[in-house]
């Protein structure tokens with residue numbers, strides 16, 4: 001098994017129960033007692049997913065946030081989480097717990113339990129978190145593969161902030177204090193709205209969260225659904241902080257569409273539903289933007305001001 | 001926070017939802033749609049919980065088995081599991097997946113999903129598994145703290161095999177091939193009966209699985225319940241393989257009662273229920289043995305042939 005794709009293929013051969021959704025959907029969907037439960041698990045590893053110098057409280061916050069984002073993408077609201085903690089230096093662990101408590105409070109996801117383990121001396125540590133949520137009774141549970149020709153493509157919030165925040169964190173981007181703080185916060189403390197997915201689920205066809213970059217994730221929906229998706233670069237929503245630092249030109253937009261860690265929702269919905277979709281998002285204090293079209297065919301394409309644009313060589317973070 | 005006990009104390013201050021059971025019970029208990037769900041999470045770390053030379057398939061088997069044991073101790077039958085895999089050498093990973101598939105099949109716990117991560121070069125790897133089970137509708141969910149004065153103490157299966165199996169694995173115990181294989185298998189491929197806990201749950205007061213040693217786990221039930229527990233060393237069930245290698249004298253029994261990794265169920269039940277308890281276990285192909293009494297007071301005591309026996313200095317594996 002050379003590498004991760006082959007390994008996941010081998011895992012798929014084991015995870016044959018329908019609830020596993022062929023491991024194609026970032027979350028499992030289980031029917032229990034007439035309710036639809038959604039389960040997801042994410043692991044972060046020191047020096048791979050975060051740096052030893054990153055604030056411990058932010059590492060914990062992000063671990064909770066990415067799992068909440070996975071639940072939301074399935075239209076589920078959080079019921080609780082369990083997590084596994086690799087013990088390390090006391091002050092770091094204490095700070096981690098403060099971030100965990102803040103995040104569990106912020107996202108209304110109670111800590112239910114977990115495990116603590118000791119690591120061999122000097123070993124990089126890792127933290128796994130399982131989140132469980134409910135999509136209610138007979139609620140539709142969106143997946144990646146349900147986009148249809150004629151749908152419009154939507155994205156929530158703004159795109160690219162976390163990517164620039166990473167550059168700020170690495171000291172690569174000089175920026176005024178205000179915007180720099182906003183971008184850094186987007187990177188270190190992503191804040192998916194946990195109620196957004198449940199509000200949108202009845203209105204959408206396909207839905208997933210944008211974790212690896214808008215373009216690569218849109219390409220994944222296109223592939224899984226057997227359709228073509230055209231993203232309109234000029235329609236992609238950018239934040240005031242991003243615009244103040246990088247502008248709103250095409251270079252800035254390309255950067256934003258290929259950066260990871262957005263944890264916003266990308267979804268497709270039938271044309272003509274715009275008002276209802278915007279209302280549903282606003283009802284939970286969030287906003288959504290139409291940024292593309294689904295048509296027959298395959299693959300991803302890009303336009304700018306109505307003209308075709310070549311795809312960049314790298315669509316986002318690819319595992 | 002000096003060390004694990006202080007860390008867990010700090011975690012308890014966060015896990016205040018009733019479903020977390022104050023992190024005192026190895027599993028969370030969540031009510032969803034009229035059903036009682038049980039969730040548990042365990043992590044194993046290379047060079048801490050297993051050795052790099054251990055067969056990868058056995059590492060995977062044991063990871064599934066210990067979580068199934070936690071579900072069973074709560075009277076829950078498995079619904080599924082998610083796990084996190086730290087990628088390593090291809091052949092090892094492939095063997096791990098074979099063991100995972102075997103264990104998921106054996107314990108009837110479908111793989112629902114998970115995560116794969118890369119580790120920094122040369123880093124020890126760790127694997128986390130979350131299991132979810134159901135205790136049905138309005139089923140009693142046993143805990144550690146419900147033992148009552150007058151209860152009898154019971155244990156399922158036999159005790160101490162895995163402890164001797166560890167000695168076999170370490171090359172410290174010369175043994176005939178047959179018994180050695182049986183003991184090694186008890187250590188590397190523990191086989192808790194996933195239906196046993198659900199069969200016993202309506203009949204017991206306190207219940208937990210024996211993972212750290214019969215004596216230390218009995219002491220935990222005594223502490224949590226505010227009662228005194230007396231274990232009868234001569235009544236503790238030993239396997240033919242263990243007896244053939246170590247005999248059934250007091251030394252052998254003390255060794256068995258303080259060794260870990262049994263993954264049997266330790267429970268207390270009202271006196272006079274012996275026949276019903278044995279029938280319930282036999283109905284799922286397992287057996288149980290009465291091995292002690294609960295009385296008013298506190299702490300653990302030990303007898304042998306009716307005479308008091310001093311407690312050993314070490315009651316089992318203590319975190």
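Every residue, even glycine, has its Cβ placed from backbone N, Cα and C.
Record features (TrEMBL):
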- B:25-134: domain 'PurM-like N-terminal' (DOMAIN)
- B:26, B:40, B:70: Mg(2+) 4 binding site (BINDING)
- B:26, B:70, B:209: Mg(2+) 3 binding site (BINDING)
- B:42, B:115: Mg(2+) 1 binding site (BINDING)
- B:42, B:70: Mg(2+) 2 binding site (BINDING)
- B:49, B:261: substrate binding site (BINDING)
- B:114, B:115, B:144, B:211: ATP binding site (BINDING)
- B:148-304: domain 'PurM-like C-terminal' (DOMAIN)
- B:212: Mg(2+) 5 binding site (BINDING)
- B:297-319: region 'Disordered' (REGION)
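A map of TrEMBL features onto the structure.
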| residue | record | contacts (Cβ under 8 Å, 6+ apart) |
| --- | --- | --- |
| B:26 | Mg(2+) 4 binding site | B:40, B:70, B:73, B:74, B:208, B:209 |
| B:42 | Mg(2+) 1 binding site | B:63, B:66, B:67, B:70, B:128, B:129 |
| B:49 | substrate binding site | B:43 |
| B:114 | ATP binding site | B:82, B:83, B:84, B:85 |
| B:115 | Mg(2+) 1 binding site | B:84, B:85 |
| B:144 | ATP binding site | B:24, B:25, B:206, B:207, B:208, B:220, B:221, B:224, B:225 |
| B:211 | ATP binding site | B:66, B:69, B:217, B:260, B:261, B:262, B:263 |
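Computed over the domain 'PurM-like C-terminal' (B:148-304), the whole-number mean pLDDT of the model equals 96. DSSP assigns residue B:209 (Mg(2+) 3 binding site) to a strand in the three-state reduction. Contact annotation for chain A: of the listed binding-site residues (B:40, B:144, B:209), B:40 place their CB atoms under 8 A from a CB atom of that chain.
Between the binding-site residues B:209, B:212, B:261, B:209 has the most other Cβ atoms inside 10 Å of its own Cβ, all protein chains included.
The residues of the region 'Disordered' (B:297-319), classed with DSSP into helix (H, G, I), strand (E, B) and coil, number 0 helix, 9 strand, 14 coil. Within 10 Å of the C-beta of residue B:40 (Mg(2+) 4 binding site) we count 29 further C-beta atoms, all protein chains included.
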